[in-house]
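Per Swiss-Prot, the features are as follows:
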BINDING   46, 63, 141, 142, 143, 162, 256, 257, 258, 273  iminosuccinate binding site
BINDING   110, 230, 320  [4Fe-4S] cluster binding site
């Protein structure tokens, strides 16, 4: 038998044996590996992850928080990121070259991030430059690919989060007359409106038709919104709010700004994931809340606050499907391959893309 025949190929899809393991055995193995590896292993877990995954997280938070925490951890060799692809990309860009970022399931993407690819964006920028010249600055939500962050970096722009969007949009208007906001039109619209920019000064760029959607004199345009959205938050409607108002008139309604403008306008409060968590945490016992955000997080908030009446704004809401791809079997698989000295599902961003994307990230980080 030759040496080549003895080498076993590294599996790239979840092996069948993980489907037959009991939850108890999987949890036991995860704990064993975590204890064995100690500080060499770091597991960040996004707020939208399942409880079966979050229970093993060394840190929980939103995408940028987790990337920053990972970057500040210089001891860990392996960062097993329990989130979606763009989050792991950001972690890879902010960590050192000798740290390895792993995504337990490479199918864990983000439909919103995928709504703006670099070819579409370069083409749009070229067309918009014909219309507006050098009067625009691009901002991208951190929920975007590394390539889009890099595009913003090399064009003088920056990244934003739902927590600091107002600060970053305000900064953008000190740089240029117009703003191009990618890839979530709703966060861009809600933020700009909150800063006093009228809706009739906002246009939408449709990447599928390569056209600007706007009725009126284009010289009046201040904000150009990319036609993208979050598939989860898009499902909250004004009708949901009307139903809550009718059946529970004393219930507070709080939503994420990835919801559409009409939903945000009709709600009592709107803010980032952290804002929602903090608001419920500080609310008095006995208060009532309908929350418009991802279902795994809503369920976790309900469990953490039994003294409050909390429901999802949309009773038929499902968890984020791509976030849900990261589960206990995939987490254990990733950890066991590391234990064997193998590396699967490694996230590695091109160096030039990293340099330009980090420009955009740093322009944000130095201002917030």
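For all residues, glycine too, the Cβ spot is worked out from N, Cα and C.
The structure displayed is predicted, hence computed values, not measured ones.
Counting only the Cα atoms, the space from residue 143 (iminosuccinate binding site) to residue 110 ([4Fe-4S] cluster binding site) is about 8 angstrom. Note: the CA-CA distance between residue 258 (iminosuccinate binding site) and residue 230 ([4Fe-4S] cluster binding site) rounds to 7 Å. Residues listed for iminosuccinate, 46, 63, 141, 142, 143, 162, 256, 257, 258, 273, cover a largest CA to CA span of 18 Å. With a 10 A radius on its CB, residue 46 (iminosuccinate binding site) counts 26 other CB atoms from all the protein chains. Put simply, residue 320 ([4Fe-4S] cluster binding site) is 12 Å from residue 46 (iminosuccinate binding site) when counted between their Cα atoms.
In three-state terms derived from DSSP, residue 46 (iminosuccinate binding site) belongs to an extended strand segment.
Note on the binding-site residues 141, 320: the fewest other CB atoms within 10 A surround the CB of 320.
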